[in-house]
Amino acid sequence: MSFLIVANWKMNGMRSSFVDFIGKLNNKSNEITSKLVICPPFTSFPSSIELNNNIDIGAQNCHHKKFGSYTGEISAEMLKELGCTYVMLGHSERANEKDSEIKLKSEIAIESGLHPIICVGENSEDYKNEKTKEVIEYQCKNRLPTHGEYTVAYEPIWAIGTGHVPNNDAIAKVIEVIKLCTSKKHIIYGGSVSSENIENLLSISNLSGVLIGSASLDFDHFYKIIQQVEKKFSLINSKISN
């Protein structure tokens, strides 16, 4: 699997800005080998937008039931029909979600043909009390599905939108903790990822991708991150071929 770059737009961006953003990405696609997943608000889903092969659309949530009387919710099957291939689950900004509910959502997503990106991460209190390992193990045990393909996103809650990022050793250790909980190899990092710190993050050998929040809203900033990723893997591939 290629290096995964996920853009979480949260509740930002009108459909017109999304169409413009995707158009710019399509124009640059011959320069990009990474897998890009753009997660816009539901209102921007691409009913008639042409996407190049390395660009996928993801949702920011889905319900844990296929259909039913759940006002204001959207099912994984509906997302699939709209053209989604990924769905992000368990983000800390989705307040008060239970771990068991996140697990049900991930399983119904897989059953519906979506690839879930399941978020795990400790809050500031757990981080200060050195309970990160304990929290991550518990979340993995209770959030991750028992079958199918998925990606785990380590996103420490205290790092989201703060500009603060754990040091590389700390991130690498958490990735190893997650790997002991699952046979899946696709583990990405999220939390204040930007063009200023992506080069440093790319030196983490067991990192499979990044989850980007506010830095993905501006195309130029987002593309700077992509360029640094491409440069890194171009150099690696060059060394391998030589």
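Don't overthink the numbers, they just go from 1 along the chain as shown.
Just so you know, glycine gets a Cβ as well, placed from its N, Cα and C.
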Asn8, Trp9, Lys10, Ser192 show up in Swiss-Prot as binding substrate; which entry in Gly23, Gly161, Gly209 does that record put in the same site?
Gly161
Let me know the largest Cα to Cα distance in Å among the substrate-binding residues Asn8, Trp9, Lys10, Gly161, Ser192, as an integer.
14
Who sits close to Glu155 (active site, proton acceptor): which same-chain residues at least 6 apart have their Cβ under 8 Å from its Cβ?
His91, Ser92, Cys119, Val120, Gly121, Tyr189, Gly190, Gly191, Leu211
Taking 8 Å from the centroid of the Cβ atoms of Asn8, Trp9, Lys10, Gly161, Ser192 as the cut-off, which other residues in that chain fall inside it around the substrate site?
Ile160, Ile212, Gly213, Ser214, Ala215, Ser216
According to DSSP, collapsed to three classes, what secondary structure does Asn8 (substrate binding site) have?
strand
